[in-house]
Amino acid sequence: MNHRAVKAIYLFEMARAWRTLMQSIVSPVLSTSLYFIVFGAAIGSRIDQVEGVSYGSFIVPGLIMLSVLTQSVANASFGIYFPKFTGTIYEILSAPVSFLEVALGYVGAAATKSIILGLIILATAGLFVPLKIAHPVWMLSFLVLTSVAFSLLGFIIGIWADGFEKLQIVPLLIITPLTFLGGSFYSISMLPPIWQTIALFNPVVYLVSGFRWSFYEIADVDIGISVAATFGFLLLCMAVVWWIFKTGYRLKA
Amino acid sequence: MAPIISVSHLGKTYGTGRKALNGVNLDIMAGEIFALLGPNGAGKTTLIGTICGLVNATEGKVSVAGHDIVDDYRAAREMIGLVPQELHTDAFESVWDTVSFSRGLFGKPKNPAHIEKVLRDLSLWDRKDSRIMTLSGGMKRRVMIAKALSHEPQILFLDEPTAGVDVELRKGMWEVVRALKATGVTIILTTHYIEEAEEMADRVGVINNGELILVEEKAALMRKLGQKQLKLYLDEPLGAIPPQLAAYDLSLSDDGLRLIYTYDTRAGHTGITALLGDVRAAGIHFSDLDTSQSSLEEIFVSLVRA
C-alpha cells in the first residue's frame, strides 16, 4: 500500500476545500438555514407533529442527508474531473498507485468534507429546533456510510463526465429529485398508497429513513433494510470504481 | 550492459482504429540519453505514454529494470519521472506544494532538502511560494520537470521538453539534462529540434507511422548516413558541367560559380584527389573550397521521406 500517495491526494483535496471555504462549507450552511426558516418556521408552524416529533425537528435528518448527498457527489466528482480537465491526471496515472489508493485519497477527502458538513448542519439545526439523538453511534455510522457511498458515486460521475455540463446534470437531474422525493421533508406514510410503493424504489428513502431512525426512532422502512440498502449501494459503487481502474475507462487511451 | 527499459513487439491501436504503434522493439541502456525523433503523429508520445502507464498497449510487453509495467507496475513506475508535452499544471497550488505532492504520490518520504535542490537547479527557488497560475510558460515547464524529479527517478522521460521555450532557457534545460546524466539518470527525450538530439543524445531512434525505423548511436548514424559536400568556388562561371567530369556526382549552382561534389564518407575512396586533378585538367580555376557534412536533420528528413 502506497500510503504516502493516499495521504498526498487526501491532503491535496482537503487543501482545496480550505481554499474554497465559502463554497464548501458556508454556502450549504446558509442554504440549510434558509430551509429551516421557510420549512421549519413558516410552514412548519402550520403542520402538526409528524409521528410525535415536531415538524422542524422531523426534517433535520432529511436536511442533513440532502446536503451530504449533494455535496458528496459535487465534491468528489469535481475533485477527479478537474485533473482530467486540466490534464494533471497524467501524474496520477503514471504514479505507482493502485485504483484503491487513488479512490481512497479522493473519496476519503470528499467524504471527510461531507461528514464535517453534516455535523456543522446538525449544529446549525440545533440553534433552530430541539434535537434528540437516540442512537448517536448509528447516526454517525449512517453519516459516514452515506458520505462514503455518495462520494464514490461522485467519483464515478467525475470520471464519466467529459464536460462541465455532465458534471452538473447528474446532481441536478437525479440526486436532488431523489432526495426531495426521498422523504427529506415528509414521512412516506403521508403519501397516497400508490406513491408509497413507488417511493420504495428510491434508494434515498432508505438512507433518510435509517438516518431519521437514529434520531427519533421513527422510520419509514425497517432499520435492517436501511443498513442493507446503504451497504449494497456502497458495494455497487466500489465495484464500478474497481472496473473503471481495471479497464482504464475514460482515463487511459 | 542490461537494458534498463526493454520494449518488445509493442503495438497500440486506438479505439478509432488508428494504429499508433506497430511492433516496436527497443532497448534503452542505463545511463544513456536516448532521443526519439519523428514527425508529428509518428507515435512518440504514444510510445512514452505506454511505458509510463498513460496508455494501455494492445500488444507486446514493456519491462523497466526487469519489472513488467503491467504486472509489476509499482516497481516500474517508481523508477520513472515523466514530463509530458503539454503544460499540465495545477493552478492554485504553490510551486513548493505541487512538487512536494508529486514526491508523496510516488511514495517517497518527505525530503525538503531534495525539493529545495531540485527547485534551485531549475531556478525556481525564489518562486517556490508563488501560485503556479502566476508563472510564465517557461517556468511552468520547469515546474513540471521539478515534479518529475521530485521522487529521484532513475529514468526521466522528457516529451518535447523545449517546445515553445526560448533559446536561453533551452540551453539551461540542456544543462539540467546533462547534470542528470552525470548522476546516472537515464533520459529519453522526444524532440522536434534535431539540433537538440544532435547536441544531447548518445543514441537516436527514428519513429514514423508507429514503426521504429532506425535506432543507432548518434555518432555512428551521422557517420554512416552522413554525406559530405565539397564546394568549389570558381573564378569564371560555367555554363554546364564539362563532359570530362561527367563521371563524378557533380552539380552546378544556378549562377554557375559553384561546383558541388557530393560524396560518401563511408567510401574508402572519396574521389576528391582525382576530381581536383580532373578539374585542373579541364582548365577550371577555383579560388576557394569548403566541405560540409549533412546534419542529423537532413539525415532525418531523408529517412522519413524514404
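Yeah, the Cβs are placed from backbone N, Cα and C, and that goes for glycine too.
Feature annotation (TrEMBL): of A:98-116, A:193-211, the stretch labelled transmembrane segment is A:193-211.
Ranked by number of Cβ pairs under 8 Å to the transmembrane segment (A:55-82), the listed stretches A:140-161, A:167-186, A:193-211, A:223-245 are led by A:140-161.
Of the candidate ranges A:21-43, A:140-161, A:193-211, A:223-245, A:193-211 contributes the most Cβ pairs within a distance under 8 Å of the transmembrane segment (A:167-186). Sequence-distant contacts of the transmembrane segment (A:21-43), counting only residues of its own chain at least 6 positions beyond either end whose CB sits under 8 Å from a CB of the stretch, comprise 55-56, 59, 63, 67, 71, 75, 113, 116-117, 120-121, 124-125, 128-129, 185.
Under 8 Å from some Cβ of the transmembrane segment (A:223-245) lie the Cβ atoms of residues 98-99, 102-103, 142, 145-146, 148-149, 152-153, 155-156, 159, 203, 206-207, 209-210, 213, 251, all in the same chain and six or more residues away from its ends.
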